Amino acid sequence: MDTSLVLVLLLAPFLGFLFNVFLGKKAGKSVVGIVGTLSVVVSFAITLYLFGNAGKEPVVVNLFDWITIERFNVKFGFLLDQLSILWLLFVTGIGSLIHLYSISYMHDDEKIHSFFAYLNLFIFFMITLVMGSNLLMMFIGWEGVGLCSYLLIGFWYKNQDFNDAAKKAFIMNRIGDLGFLIGIFIVGSLFNTLDFTSLKTIITTIDDINDLWIALAALALFIGACGKSAQIPLYTWLPDAMAGPTPVSALIHAATMVTAGIFMLTRLNFLFDMAPSVQNIIAIVGAVTALVAATIALVQNDIKKVLAYSTVSQLGLMFLALGFGAYEVAVFHVITHAFFKACLFLGSGSVIHGLHGEQDMRKMGGLKKTMPITFITMLIASLAIAGIFPLAGFWSKDEILMTAFHHNIVLWVIGSIASIMTAFYMFRLIYLTFFNSFRGTEEQKHHLHESPSLITVPLIILAIFSFFGGIISLPGHSWLNEYLAPLFSKVSHEEHTLGTTEYALMAIATIGAIIGIGIAYKKYLKDNTIPSEDAEITGLSKVLYNKYYVDEAYDAIFVKPVNVLSSFFRDAVETTLSALVFGLGKVTNEIALQGKKVHNGSVGLYLFAFVLGVCAILTYLFL
Amino acid sequence: MDVTHILIILLVGALATYFSGDKWAPKVALLFGLAAFAGSICLLSQYNLANEINYVTLWIAKPKIYFALHADGLALAMLLLTTALTPIIIFSSFGNTYKNSKAFYALILFMTFAMAGTFLASDGILYYIFWELSLIPIYFIALIWGNGDAEERKKAVVKFFIYTLAGSLFMLVAFIYLYQKTGSFLIRELSQTDLSATEQFWIFLAFFLAYAIKIPLIPFHTWQAEVYQKAPTVGTMLLSGIMLKMGLYSVIRWQLPIAPMAAKEFMYVFIGLGIAGVIYGSIVALRQKDLKKLLAYSSLAHVGLIAAGAYTLTLDGLRGAVLQMIAHGFVVVGLFFVAEIIFRRYETRAIAEMGGIRAQSPKFTSMFMILVLASVALPSTFNFIGEFTVLYSLSQVNIWYAILGGTTIILGAYYMLKMFQHVMLGETNARIFADVTFNEGLTLVIIIAVLFFFGLYPKPIIDLITPSLENILTQVNRFN
Amino acid sequence: MNNILNQIGIENYIFLSVILFCIGVFGVLYRRNAIIVFMSIEIMLNAVNLLFVAFSTYHQDAQGQVFVFFSMAVAAAEVAVGLAILVSIFRNMDTIDVGNLKNLKG
């Protein structure tokens, strides 16, 4: 029963993928959308069923031996426990909504069948990632979602800039993947298994543990997580990934795939708990990423770029929590973030759709009248991400900051600043987009309209979840913590009793958020400032606007040298080596040429050589 | 089914192809290729029942040379690779017409005959003869049916011929020395001899020269890219798909068991050389202007990793190497075929002249994409199994090898995706690009099916090769 | 016969034949006329023949003299063939100067 259910859950999106690949073009646009969406809904339904009927004990489904290593076997198997079911819930749930949304959003695209095929394939790989029973199974999904991300970022493949962005995303991810693989190697050679359940048993019971190698394994795996979850130094691909269609940005680059790193760390919490030094690194990287990305988001003018950097920043906050070993807090934020970030991206998609592809906020404004549903849902989501009581984001972000406060006051300050900035740039976005008067062309103004219901319904649902999502983990009474408890090796993690400190922290966070919103209000609504044109940006803003020139730096440090080296190898080394081999031939030839001169045909010379030879032989024989 | 029958089928096939005339030659060749494949399958089922497939008869009395063929799991795996790829390669050429095609196809079968013989031979001299024999057909195939300027081609092909021949001569010298020492050419005897460390070193080195040129490892690779580019695609497929594996197979079969002490002592040098090849090949591939040359350098990178795996002298390393050999055989044949498909339509191999093909040919694009992904070892493709196992074995020797060798994951993705982007994507090309024909599609689909099947279920191959590899490892460890 | 050797010592025969042989060698090396080269070769041959005869007497053994007959017969045949070749070379090339005969050039 379980086996077949799990297989249906896994294969439904894959069948959708196959259908859309092979029959999509013939079947017509509406069928493609329906099949694509249904296949994910099926998975969602099964997940709901499993969620309802799940016992405390994890379900393991092993299909067959996959890879054989001398000292262990890697099984092709799946693991369903609290963590994977929880992840499946929002992957397939939000996935379904975004599929639904895409039916309308992508309706005019001629390649809608491949779009749905890729989306389904992505869900399939995401399920594999989440359900894999060992590190390598997870790795299949891990690389698979990277592939889908590549395909979808480069969906409009006629534009080489988009293709560059896609390629960059794939390669950046692969840098992380190498880290992941190295981590797998170390874990494999330390414990002779890659299976999560066995690993947990071994690591929690083993006595003589090799701290250094555990720490290296944790570090390598964390590099993998950095790649996928866009942390410093591997974050630059995510903003570029916004080249893809907006539903993709919502699904892959905000709600699901980028949380894979957090999933992996949570999955391996027992391992990371053994490596406190690496946990410190994780916390620092998370905090710094949160701050850096937030500062960049302050000045971006592309609506999707703002959201992209906001995603990086929020992921940084999650890593901050992970670094303190507060896995359930990070998971909580993952879930609430999935709701409001998906809502924000889909809302921005609705705006872009309404403006026929315009993404620059300087050319928007005053949309709240023409697009009321989009406006209200986005406003709710913005309030949620800003951390306003009692929306979902308030609870989850507050938990993170509270954890940080208890562990490290400096990181708490950094996190808080990042949160204030979040409030600011989100409301900058809201004011620029929806308030004041419209700044686009007359023709655009003429066509302004609210998006159709296939687009607004998912928005509304997500907005509702963004509003109420916090109830799954209220301080002091957390359903989520109880639900996830069996996963963690440390018994009671971060059970905050609500004392004065906690209330004070909540108050500080709320005030901070309100200050952020207030500054945005003053600047963009009352003063009606419009961000200046690209050329006029100066000073610090210019540095921020250009993302601290990190892309340029990477280009100069890594990409260019490799390419120069490549040219050097191709033009200099290859030719030299080739010349060397030919040189051997030439030397032989030259010897022959010189030797040829002796054979000049003069009998006298021959005779002379002959006599000389005889004399030499005689001398040798008799002396 | 006797092991000699496979060779007879191929040899007779070559003759029959030659006498069947230009019109029928491709079909006759395909038929015999398939027959050889069927024969290998029969052999496989026999092996699974009886475990040992041997054929020994005295060939020359003095010096004692046997006509000795021996098919263990490893040899069978390579034989299957050879006989499976040959029909695919022949079939893939159906879209081309060759002048004097009877000779062309006869040479292909003859080459397959020689390569199959190399994999099966268990007598040193017989092995050497097959080894050299395989060089003759590819020389003519590349020289006569190749492309590009005839003078340039002749230069490249002659260089290849003499270079590999010269390398192999050292191997012959090593065999003669071994015969002086042991009175036998049989691998069974040779892998039991107790040679001193110095003797092993020189013998190892002599073998190494032959194999390093054939595989090729850097810095002995200079023949490769040019010959790949100049040879007709069928020749390139034979070279890269099967012939490279002769060198790698020989490392595992002959070099390591005969001179294990040297292999152990200088392990770091040879692993280092392999990994240097990985990095070097990947970086050179990055800026190639010619599609076939780019694929040649990617091949260089991949075989570097395979060789590094073999030289770890661990079961994982050897197993990974063999798995990756098979996987690489298929994927590289597929990729060269893709290059050929583009050439059939655009008459060019210059990447700069391509681009914008995707919009016109969705099927071709998907298949090309899958091959690219397999080549960069996406999990669930066969190449991942091999690459993972090899990298794992390297990490067991030293974690830095795994990290450096693992750069293939990044660099491989870089050059392959860059190539894909410039060949396939971008604004629709002004020139019409017809989507794949049925034959072309079928060829690619077969290759892709193999890659995915064994990517998800590699157990049959692992079970086939593991006992022989364990056997070889006990021989390697006999000095401990 | 022995008294001949008593009157003139065996070493004198050896000296003579060495001198003759060297004259022949130098003749071959220095002269460019093919016929003279040929004659020089004959001198070398005869130097050896002389030595044969001398040692045959010294050892009281007729075998050496039999060999001389052989070699004289062979030399005669050789001269016949050699001269014939020379004649045909002369007909073809109008010269028998070995310096000009470079057809053996590699």
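Here the Cβ of each residue, glycine as well, is placed from N, Cα and C on the backbone.
Please treat TrEMBL annotations as automatic predictions, because they have not gone through curation.
According to TrEMBL, the feature transmembrane segment maps to A:6-24 (among others). Same-chain neighbours of the transmembrane segment (A:6-24): 32, 35-36, 38-40, 42-43, 46-47, 50, 59, 61, 78, 80, 88, 112-114, 116-118, 120-121, 123-124, 127-128, 131, counting only residues six or more beyond its ends whose CB sits under 8 Å from a CB of the stretch.
TrEMBL lists A:31-51 (among others) with the feature transmembrane segment.
The domain 'NADH-Ubiquinone oxidoreductase (complex I) chain 5 N-terminal' annotation in TrEMBL covers A:66-116. In the predicted model, the domain 'NADH-Ubiquinone oxidoreductase (complex I) chain 5 N-terminal' (A:66-116) shows an average pLDDT of 87.
Residues or ranges marked as transmembrane segment in TrEMBL: A:85-103 (among others).
The transmembrane segment feature in TrEMBL is assigned to A:115-133 (among others).
Per TrEMBL, the feature domain 'NADH:quinone oxidoreductase/Mrp antiporter transmembrane' maps to A:133-422.
According to TrEMBL, the transmembrane segment annotation covers A:139-157 (among others). If one looks beyond the transmembrane segment (A:139-157) by at least 6 residues along the same chain, the residues whose Cβ comes under 8 Å of a Cβ in the stretch are 111, 114-115, 118-119, 121-122, 124-130, 132, 163, 165-167, 169-170, 173-174, 177, 180-181, 184, 224, 228, 240-241, 243-245, 248, 252-253, 256-257, 260, 264.
Annotation source TrEMBL lists transmembrane segment at A:178-194 (among others).
Under the heading transmembrane segment, TrEMBL lists A:214-238 (among others).
Per TrEMBL, the feature transmembrane segment maps to A:250-272 (among others).
For the transmembrane segment (A:306-324), the list of distant contacts is 225, 229-231, 235, 238-239, 241-242, 249, 253-254, 258-259, 261-262, 265-266, 272, 279-294, 296-297, 300, 330, 333-334, 337, 341, 344-345, 348, 361, 385, 397, 399-400, 403-404, 406-408, 411, 415, 418-419, 421-422, 425-426, 428-429, 494: same-chain residues at least six beyond its ends, Cβ to Cβ under 8 Å. Marked as transmembrane segment by TrEMBL: A:306-324 (among others).
Annotated transmembrane segment per TrEMBL: A:330-352 (among others), in sequence order. Panel annotation: around the transmembrane segment (A:330-352), residues 83, 86, 90, 94, 97-98, 101, 105, 246-247, 249-251, 254-256, 259, 262-263, 265-266, 303-304, 307, 310-311, 314, 317-319, 321-322, 358-359, 364, 367, 371, 374, 377-378, 380-382, 384-385, 391-393, 395-397, 399-400, 433, 451, 455-456, 458-459, 462-463, 465-466, 469-470, 472-473, 480, 484 of the same chain, lying at least six beyond its termini, place a Cβ under 8 Å from a Cβ of the stretch.
As annotated by TrEMBL, transmembrane segment applies to A:373-397 (among others).
Residues annotated as transmembrane segment in TrEMBL: A:409-434 (among others).
Panel annotation: around the transmembrane segment (A:250-272), residues 83, 87, 90-91, 94-95, 98, 101, 119, 122, 126, 129-130, 138, 141-142, 145-146, 148-149, 152, 180, 187, 196, 199-200, 203-204, 214, 217-218, 221-222, 224-231, 238, 241-242, 244, 278-279, 282, 307-308, 311, 315, 318-319, 322, 325, 327, 330-331, 334, 337-338, 341-342, 344-346, 349, 487-489 of the same chain, lying at least six beyond its termini, place a Cβ under 8 Å from a Cβ of the stretch. Among the recorded stretches A:31-51, A:115-133, A:178-194, A:409-434, the one sharing the largest number of Cβ pairs closer than 8 Å with the transmembrane segment (A:85-103) is A:31-51.
Same-chain residues lying 6+ beyond the ends of the transmembrane segment (A:115-133) with a Cβ under 8 Å from its Cβ atoms: 6, 9-11, 13-14, 16-17, 20-21, 24, 32-33, 35-36, 39-40, 43, 60-62, 75, 77-80, 84, 87-88, 91-92, 95, 98-99, 102, 106, 109, 139-142, 144-145, 147-149, 151-152, 155, 195-197, 245, 247-248, 251-252, 256-257, 260, 263. A:178-194 is the stretch from A:178-194, A:373-397, A:409-434 with the greatest number of Cβ pairs below 8 Å to the transmembrane segment (A:214-238). Residue counts of the domain 'NADH-Ubiquinone oxidoreductase (complex I) chain 5 N-terminal' (A:66-116) by helix, strand and coil are 29 helix, 13 strand, 9 coil (DSSP-based).
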